[in-house]
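As written in TrEMBL, here are the features:
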type: COMPBIAS; residues: 18-31; note: compositional bias 'Polar residues'
type: DOMAIN; residues: 98-270; note: domain 'Yip1'
type: REGION; residues: 16-64; note: region 'Disordered'
type: REGION; residues: 288-311; note: region 'Disordered'
type: TRANSMEM; residues: 117-140; note: transmembrane segment
type: TRANSMEM; residues: 160-180; note: transmembrane segment
type: TRANSMEM; residues: 192-218; note: transmembrane segment
type: TRANSMEM; residues: 224-246; note: transmembrane segment
type: TRANSMEM; residues: 253-277; note: transmembrane segment
């Protein structure tokens, strides 16, 4: 049986003296004990214990040396970083815009402080071309049902759709970002998204309208309005859930007016596209049953009588 002195705790004088000299340093315990049972403490020539700190410092130095100064916003290299995304990131952000959830911030959970312009740019381009193509296909399908309708390619719809979509995806976020920046000066507790984050949120929110525009080819008015209302609800809900953490620190009146304007502008965009690119066609002329069955009666004129010759 071991003696009581062997089981008692002993103070290690060497380690105590070293820690007293450098109290802020960390120590590492070696598995091998010294000849007198003391703990072996590894100390380098610089006075630090262990080699981990030295490796971390060297890594930081290399990273600082490799870091390049960020180019100005007027150069192409500044915007090149916003197009440096892979397919999985774009699909994940599209999924987040299609399935908005309360308390799930799109900027924090999807963008993660890395907004991109690749997704919004191609989403707006795709939506513009799909709007123009489906608007022309609507007239083609209507001509098959009613031969009296004359179809001619309307290429100007591509220009109208492109200008409308891109102006909405850039000017509205610019106005929203400026307003939030002004309100932050009034209410210091308010948060603020960057301009590119706001553009990214609006760009991805328009993706839901791409399949909706394709479904508008179904020639059923109530079904078209149902698809449009569902797309508008999903897209507007994503914007409201994303902006709410920023505007909730503002007054109730300002927050309510801001969110109402955001939803209203989104609704005006959807309704404008519906009425302009999918114009309601005139009803087919219906002939009355009387006109369909009755035949026009030909009027028989009497023959011209010869003049009587006077005797």
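Glycine is no exception: its Cβ is also placed from the backbone N, Cα and C atoms.
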Considering the transmembrane segment (192-218), which listed stretch of 117-140, 160-180, 224-246, 253-277 counts the most C-beta pairs under 8 Å: 117-140
Residues of the parent chain within Cβ reach of the transmembrane segment (117-140), under 8 Å, 6 or more residues beyond its termini: 79, 82-83, 85, 90, 93-94, 149, 151, 153-155, 157-158, 160-162, 164-166, 169, 196, 199-200, 202-204, 206-207, 209-210, 213-214, 216-217, 273, 276-279
Sequence-remote partners of the transmembrane segment (160-180) [C-beta within less than 8 Å, at least six residues beyond its ends]: 120, 124-125, 127-129, 131-132, 190, 192-195, 198-199, 201-203, 206, 243, 246-247, 258, 262, 265, 269, 272-273, 276-277
